[in-house]
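Input: a single structure, listed below in structure tokens.
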Amino acid sequence: MAAVETRVCETDGCSSEAKLQCPTCIKLGIQGSYFCSQECFKGSWATHKLLHKKAKDEKAKREVCSWTVEGDVNTDPWAGYRYTGKLRPHYPLMPTRPVPSYIQRPDYADHPLGMSESEQALKGTSQIKLLSSEDIEGMRLVCRLAREVLDIAAGMIKAGVTTEEIDHAVHLACIARNCYPSPLNYYNFPKSCCTSVNEVICHGIPDRRPLQEGDIVNVDITLYRNGYHGDLNETFFVGDVDEGARKLVQTTYECLMQAIDAVKPGVRYRELGNIIQKHAQANGFSVVRSYCGHGIHKLFHTAPNVPHYAKNKAVGVMKSGHVFTIEPMICEGGWQDETWPDGWTAVTRDGKRSAQFEHTLLVTDTGCEILTRRLDSSRPHFMSQF
């Protein structure tokens, strides 16, 4: 704590002279917060820390309250590009949202290319980290917070809401939880979450397009807290959807859960793709091959690589203490994909719809723990939309 001029202690019932001020209050610009001793400061901590959260929330709101959108919506920013489906980008994008300086940041957050040097240092290795008990507690916390943020996004899904508005809410929710939104500036990704509508497979960039009745939309959330990343996503219905969308989304979720049921020590990672593809094909769908699940902990993406298609050559055997994601992307038509000129938005080559679900998992001695599970329900949100 920093030494300052003498004041009266702010602890209830104490009128002693106060010579110490809370260092966090100084950083956040909170006036007052003087205490006579460390003991009084610690005794007031339960209520005093609420001032910090309030100040952080207000600061974050001030940073975004003046944002405006200028100019008309441009739905064809890439002259000559032949879209595979009906979806179009809605430009211009809002400016990159700032993250307050008091939020701990991953190594790529301020890199000009968004490059994670810690990930690059391990690129090509197939060695899978065994998490310590401390690591596991860190993962449990960040995954629980990531689930809270996805649940906030879920409550916004309706016709007329833009994916930009969802991203805004996600960004503020991350900051309110003292978390960095992991996608932001990861290899220069411009937003705080991914929103993938209809034929978008993954990595859709939130923009000004309003969601429309009958859409399906995936929201992919990752948070960074205390050095750990937590990652999950769900696909949602926008209003009333057709039977094809219902079957696609239901099957995709079943693919994920059947794969999770197989997770336990001794299982080869490559086996998960066999389980997923068998169920997808039995329902008339295909499995995306270009994007995979991944290890996650202090690194956003690391070993193991977890393909979702059959007869893959993934390396590694599950052991207690491994943490990784399973996130199958299932398509109505063919599995082939291409990427929009923005360098991120992956779409089906035939323009048909794709759905995805994701959980972060901890391998335990007897099976696995779903770190990103819903705490208030065992069902994904789309089941409540039927």
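Each residue's number is its place along the chain shown, starting with 1.
Keep in mind that glycine also has a Cβ here, set from the backbone N, Cα and C atoms.
According to Swiss-Prot, the protein has these features:
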BINDING   Cys9, Cys14, Cys36, Cys40  Zn(2+) 1 binding site
BINDING   Cys22, Cys25, His48, His52, Lys53  Zn(2+) 2 binding site
BINDING   His203, His301  protein binding site
BINDING   Asp220, Asp231, Glu358  Zn(2+) 3 binding site
BINDING   Asp231, His294, Glu327, Glu358  Zn(2+) 4 binding site
MOD_RES   Ala2  N-acetylalanine
ZN_FING   6-59  zinc finger
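Closest by Cα distance to Asp231 (Zn(2+) 3 binding site), from the binding-site residues Cys22, His48, His203, His301, is His301. When the binding-site residues His48, His294, Glu358 are ranked by how far their Cα is from the Cα of Cys36 (Zn(2+) 1 binding site), His48 comes first. A distance of 47 Å separates the Cα atom of His294 (Zn(2+) 4 binding site) from that of Cys40 (Zn(2+) 1 binding site). The binding-site residues considered are Cys22, Cys25; of these, Cys25 has the fewest other C-beta atoms within 10 angstroms of its C-beta. Taking each of the binding-site residues Cys14, Cys36 in turn and counting other Cβ atoms within 10 Å of its Cβ gives the largest count for Cys36.
Counting residues of the zinc finger (6-59) by DSSP class, helix then strand then coil, yields 27 helix, 10 strand, 17 coil.
Taking the centroid of the Cβ atoms of Asp220, Asp231, Glu358 as the Zn(2+) 3 site, the other same-chain residues with Cβ within 8 Å of it are Cys194, Ile221, Thr222, Leu232, Asn233, Thr325, Glu327, Thr360. The binding-site residues recorded for this entry are Cys9, His52, His203, His301, Glu327, and the Cα of Glu327 lies nearest to that of Glu358 (Zn(2+) 3 binding site). Here the CA atom of Cys14 (Zn(2+) 1 binding site) lies 20 Å from the CA atom of Cys25 (Zn(2+) 2 binding site). In the shown protein chains, 18 other C-beta atoms lie within 10 A of the C-beta of His52 (Zn(2+) 2 binding site).
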